[in-house]
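Quick paste of what TrEMBL says about this protein:
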BINDING   21, 133, 350  substrate binding site
BINDING   108, 109, 179, 207, 233  pyridoxal 5'-phosphate binding site
DOMAIN    41-377  domain 'Aminotransferase class I/classII large'
MOD_RES   236  N6-(pyridoxal phosphate)lysine
Ligand SMILES: *Cc1c(COP(=O)(O)O)cnc(C)c1O
């Protein structure tokens with residue numbers, strides 16, 4: 001079979017299953033709204049949970065950072081790309097979250113790949129929640145360790161898997177707040193199990209950091225758990241992009257030797273690290289934003305329950321509405337679009353078959369009136 005034929009077949013198979021993915025150009029957006037194809041919509045698809053992507057202080061910090069440091073790091077952090085702005089950011093993150101060290105990565109995807117690839121060896125075992133993010137599961141599958149997945153948020157299922165001990169080290173992997181279901185992991189129980197088996201716990205808190213816990217310190221702080229490896233990302237509540245791993249001193253030193261995504265890749269632009277410092281400050285002082293987000297979540301859930309909609313038990317900004325079949329989810333999303341509401345349908349293979357859904361995300365930037373419009377839209381669309 002030729003390359004051409006292989007690609008054609010794969011594309012045809014995707015189209016047949018109704019799973020063909022297409023990007024749309026976002027012509028203009030701020031936290032509440034976006035413009036696509038010349039039309040404006042209320043945006044219920046973004047991960048900009050606190051509305052910081054347009055925060056004037058953070059935008060101006062990025063501009064100042066660019067003037068001070070230029071727009072690029074100029075190299076890998078192992079050469080000369082490790083700038084003062086990034087070093088300061090790492091120190092601030094470590095102090096904020098109560099770890100000795102933080103290492104900044106260019107993205108959450110890169111951080112997860114790098115950490116798992118650098119740490120795991122043959123004979124090791126990774127136990128990952130079934131719904132863990134693709135960046136975690138893929139890294140685990142590609143590593144020489146044995147990957148076993150446990151039923152979502154069920155420590156008892158993990159306990160069973162742990163009962164048959166093997167050689168090598170054990171790593172337990174979960175998210176803090178799950179990106180597709182919006183629910184929180186039972187971190188204390190998972191950490192207890194991992195400690196009992198001499199393992200480490202790795203928590204990816206992409207969706208918890210900034211939105212929950214005192215000063216926005218996230219799911220682990222909120223649940224009083226300190227995993228050996230904590231990944232936080234900056235593309236969600238922080239409103240920018242990038243990520244960091246929080247860990248002990250020797251782990252950080254080890255990753256600096258063996259994490260290839262740090263060694264062989266250009267470091268984060270220092271202007272961005274400077275802007276991230278401003279975002280961190282806003283998050284630390286962001287009780288007002290977190291309160292607004294909580295109000296919007298409560299407003300939405302009360303309204304949706306009154307309409308009899310099938311919501312998952314999520315207390316977070318991620319409010320999935322389970323629809324079932326893919327075509328139903330797509331039709332519902334399309335009908336909402338016609339009412340000026342942008343909501344993304346999430347389909348297999350991103351979520352299990354039969355659980356196609358609308359992934360509704362709320363932000364502190366939404367106004368009460370926006371939530372009301374969403375509820376009215378759902379009311380009309382779901383009756384069609
Ligand atoms: C978004 C996300 C990532 C990827 O982070 P990026 O910085 O966007 O690459 C990793 N893990 C989880 C759970 C996520 O939701």
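Numbering starts at 1 and runs along the chain as displayed.
Glycine residues also receive a Cβ, built from the backbone N, Cα and C atoms like all the rest.
Please go over these features one by one and say how buried each is and what sits next to it.
In sequence order, 108, 112, 175, 179, 204, 206 constitute the residues six or more apart from residue 133 (substrate binding site) in its chain with CB-CB distances below 8 Å.
DSSP assigns residue 179 (pyridoxal 5'-phosphate binding site) to coil, not to a helix or a strand. Counting every protein chain shown, the number of other Cβ atoms lying within 10 Å of the Cβ of residue 179 (pyridoxal 5'-phosphate binding site) is 21.
Residue 236 (N6-(pyridoxal phosphate)lysine) carries neither a helix nor a strand DSSP state and counts as coil.
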Work out the three-state DSSP category of residue 108 (pyridoxal 5'-phosphate binding site).
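The residue in question, residue 108 (pyridoxal 5'-phosphate binding site), is helix (DSSP, three-state).
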For residue 109 (pyridoxal 5'-phosphate binding site) and residue 21 (substrate binding site), determine the Cα separation and express it in whole Å.
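Roughly 20 Å, rounded to the nearest whole number.
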How big is the gap, in Å, between the Cα of residue 233 (pyridoxal 5'-phosphate binding site) and that of residue 21 (substrate binding site), rounded to a whole number?
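About 25 Å separates the two Cα atoms.
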State the Cα to Cα distance, in Å, between residue 350 (substrate binding site) and residue 207 (pyridoxal 5'-phosphate binding site), rounded to an integer.
17
May I ask for the distance between residue 21 (substrate binding site) and residue 207 (pyridoxal 5'-phosphate binding site), taken between their Cα atoms and rounded to an integer number of Å?
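Distance between the two Cα atoms comes out at 24 Å.
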Round to the nearest Å and give the CA-to-CA distance linking residue 207 (pyridoxal 5'-phosphate binding site) with residue 236 (N6-(pyridoxal phosphate)lysine).
7
